[in-house]
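Data first, discussion second: the structure below is written as structure tokens.
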Amino acid sequence: MASNRTNATLDACGLSEVPAHPFFIFSYSTVCLISLALNAITMRVYYCTPLRFQSSVTIYLKNLAAADFFLCLVLPLRIANYASKSTVMRHIYCNFGATGFYLNMYASILFMDYIAANRYLKIARPLETHALQTARAARFIAFITWTSLSAMALIYTVVFLSTSWGAGPNPHDIGCDSLHSHQVSVVYKIIHCVSALLFIFVLVSLILFYWGMVQRLRHGHASTQTQRFHRKLTKSKHNMLVLVVVFCVCFVPYHLVRLPYAFLKPLLQGCGTTAKSFYIMKEVTVLLSVLNACMDPLIYFVFCKGFREQIRIRKVQVSTSLRLLKVPRDMRKQSNTETGDSHVTVRCESAIQLHNIQNIELQPITS
């Protein structure tokens, strides 16, 4: 009887009453499959390829790839939350799934800013190596980033488990807010205020980095520097612009809606049309932010020469293996006995190519 009453309450003003949920289930499922495939390739390139030299950019890229990959792993929980009417499923997602989702999203935001800062320092001080550009500093910054974000996520999880776990949903609310106690609601608002300030800092810094490159390009045209340096600076400016545009498209709409939603949502009347429209608008902006997990691997491919070379080599290796499998067994035996030296030569050349490419520093945003 109590279970039926809870389900009736949930249906009266719950996730099942939002008409856009089939759209979100389909959209997140599609994004999850695409981003998981792309980020699996990225993880293989960055973590399964031995590199003799790791720069600060490479370290930031590896952490960015890890954040995107873990975000993809959390998406099935978000999809299950849309598809299921179970209160237990909502508790699991709102406590663990949402926490992991936003943890990895803000990790991606910060590591994108670190990469942009490193690229700017390399252009602004081409003959110097700043202390923040060293691999040791990059590892320390990455550790501090993950530790700080994990601490905020842990605080939310502990407060949620101690005050809201197992409680029935508020019949006059939508989404995870319906499970929040007063303590969780306070922590929730504080975390979102800190996250908003963090986002504003990153956005302003990205714009300043791009503006600085534009100014250096103007001064470069007025000076007597080489044409090669002009081309490099122009390409770096265009690449930085692409990074800023992708960042703004994915994350600016979400942050324009998220903070007002956190503070104004309790003031809206129950589950009326205004509340549901606000909720759907917030969910659409979250979907836009998830698209960044699909765009990051494409940015690596477009702007990172070493990444492209790694993909090309693996493609050649796969196509060569497939061609060898299509050759009849008798012909392969004859070929192995008669032209064994040629196979050895081809394998040696492939190994040399792979060794040379593995030593290329994987850097985005530059040629």
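Glycine is no exception: its Cβ is also placed from the backbone N, Cα and C atoms.
According to TrEMBL, the protein has these features:
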- 38-300: domain 'G-protein coupled receptors family 1 profile' (DOMAIN)
- 25-47: transmembrane segment (TRANSMEM)
- 59-79: transmembrane segment (TRANSMEM)
- 99-117: transmembrane segment (TRANSMEM)
- 138-166: transmembrane segment (TRANSMEM)
- 186-211: transmembrane segment (TRANSMEM)
- 238-257: transmembrane segment (TRANSMEM)
- 284-304: transmembrane segment (TRANSMEM)
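Here the transmembrane segment (138-166) has Cβ contacts under 8 Å with residues 55-57, 59-60, 63, 91, 94-96, 99-100, 102-103, 106-107, 110-111, 114, 132, 179-181, 183-184, 187-188, 191, 194 of the same chain, all six or more residues outside its ends. Panel annotation: around the transmembrane segment (99-117), residues 57, 60-61, 63-64, 67-68, 70-71, 74-75, 77-78, 132, 138, 141-142, 145-146, 149-150, 152-153, 156-157, 195, 198-199, 202, 205-206, 209, 240, 243, 247, 251, 289, 292-293, 296, 364-365 of the same chain, lying at least six beyond its termini, place a Cβ under 8 Å from a Cβ of the stretch. For the transmembrane segment (238-257), the list of distant contacts is 109, 112, 116, 119-120, 196, 199-200, 202-203, 206-207, 209-210, 213, 281-282, 284-286, 288-289, 291-292, 295, 299, 302-303, 364-366: same-chain residues at least six beyond its ends, Cβ to Cβ under 8 Å. Confidence across the domain 'G-protein coupled receptors family 1 profile' (38-300), taken as the mean pLDDT and rounded to a whole number, stands at 82.
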